[in-house]
């Protein structure tokens, strides 16, 4: 709260971030419901789950382009207008129940998500430039909390509006477009504060070499200060993210032919996503407590146990609400882990290389999301028993890795 009052840049950028995140969350859940209700196809629902994750594959390239962008502030403002235009196109296509409309809507989603990634990378050096070093952790925590709150509020509003307007998907797309444009208007109002250090010209064709140098720095830093080898941590995080990202897509396919209590399909998806978001929000918002003085490896052990329990619940065909609640617990543990790892990098990595390391780690871990989503969405269409069996086998690997290196 103190930082919001004292720092004009943070105050208005937080509002711009709120508008962008709220609009995105408003449409994300509506997109899956639109595909399920319009096409009645398990295959297309599976594809829609997978397509949403495509921009993650290009995050490293996008991050490099963002670092090379000289007028970052101008592009921050322009991006919101571009995203708004794309979603006005989506609004015009949504009423058409054709494969062409489905393909174009998917393309617009991929483009807007890629622009969102570019926006975030452009914004990172401005936060470091405008906010005192001692307040950076607080600032990033605030952005994370806004993201979770917007996800919960946006999806709730999206489902409510669908019910109120009798499945008017076009209206949701228009509201999303307006939210992006308003975000750009807010950023334009603080354009003088959208400053950063001068961008130095870089040699072309050195992407892989820089990537290798960044990886070596992360590995050395963690070996000296982390108490657990970086490779072990990295492997565990990748597998855990694959499995965590797979839970909701598996259940999304499952509930096409089943019902949770008396809830509709849209309400069930909303409940699943909200349980995860609330768990993550509580984990991020309360840094104190039992896990405050525990190591990263200790938290990871608990997360692995929860993932194993999710797999067993699926194999034993326990009530699906059990899996949803365990998923919320996994999200809570992730909310405890992420601030710890972020604080670790901020403490031990030099400032001029912090963004590169953070981008590398987050991107490599996020690459697990489309992998888990695509593989397990596809498997769940054919056999849920096989899906949960493979899920359980993969869950045992990070547990063995962590114990072997402790």
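A Cβ is built for glycine as well, from the same backbone N, Cα and C atoms used for every other residue.
Keep in mind that TrEMBL annotations are predicted by a computer and have not been checked by a curator.
Taken verbatim from TrEMBL:
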- 12-36: transmembrane segment (TRANSMEM)
- 42-63: transmembrane segment (TRANSMEM)
- 139-163: transmembrane segment (TRANSMEM)
- 169-190: transmembrane segment (TRANSMEM)
- 228-256: transmembrane segment (TRANSMEM)
- 262-283: transmembrane segment (TRANSMEM)
- 360-379: transmembrane segment (TRANSMEM)
- 385-403: transmembrane segment (TRANSMEM)
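Same-chain residues lying 6+ beyond the ends of the transmembrane segment (262-283) with a Cβ under 8 Å from its Cβ atoms: 29, 32-33, 36-37, 145, 148-149, 151-152, 155-156, 159, 162-163, 248, 251-252, 255-256, 324-325, 327-336.
Between the transmembrane segment (42-63) and the transmembrane segment (360-379), the number of CB pairs under 8 angstroms, six or more residues apart, is three or more, so the stretches are in contact. Ranked by Cβ pairs under 8 Å to the transmembrane segment (139-163), the stretches 12-36, 169-190, 228-256, 360-379, 385-403 are led by 12-36.
Pairs of Cβ atoms less than 8 Å apart link the transmembrane segment (360-379) most often to 228-256, out of 169-190, 228-256, 385-403.
Panel annotation: around the transmembrane segment (385-403), residues 228, 232, 235-236, 239-240, 242-243, 246, 250, 297, 300-301, 304-305, 307-308, 310-312, 314-315, 376, 379 of the same chain, lying at least six beyond its termini, place a Cβ under 8 Å from a Cβ of the stretch. If one looks beyond the transmembrane segment (228-256) by at least 6 residues along the same chain, the residues whose Cβ comes under 8 Å of a Cβ in the stretch are 32, 36, 42, 45-46, 49, 53, 218-219, 221-222, 265, 268-269, 272-273, 276, 295-297, 300, 303-304, 307, 310, 314, 320, 323-324, 327, 330-331, 334, 361, 364-369, 371-373, 375-377, 380-381, 384, 387-388, 391, 394-395, 397-398, 401-402, 404-406.
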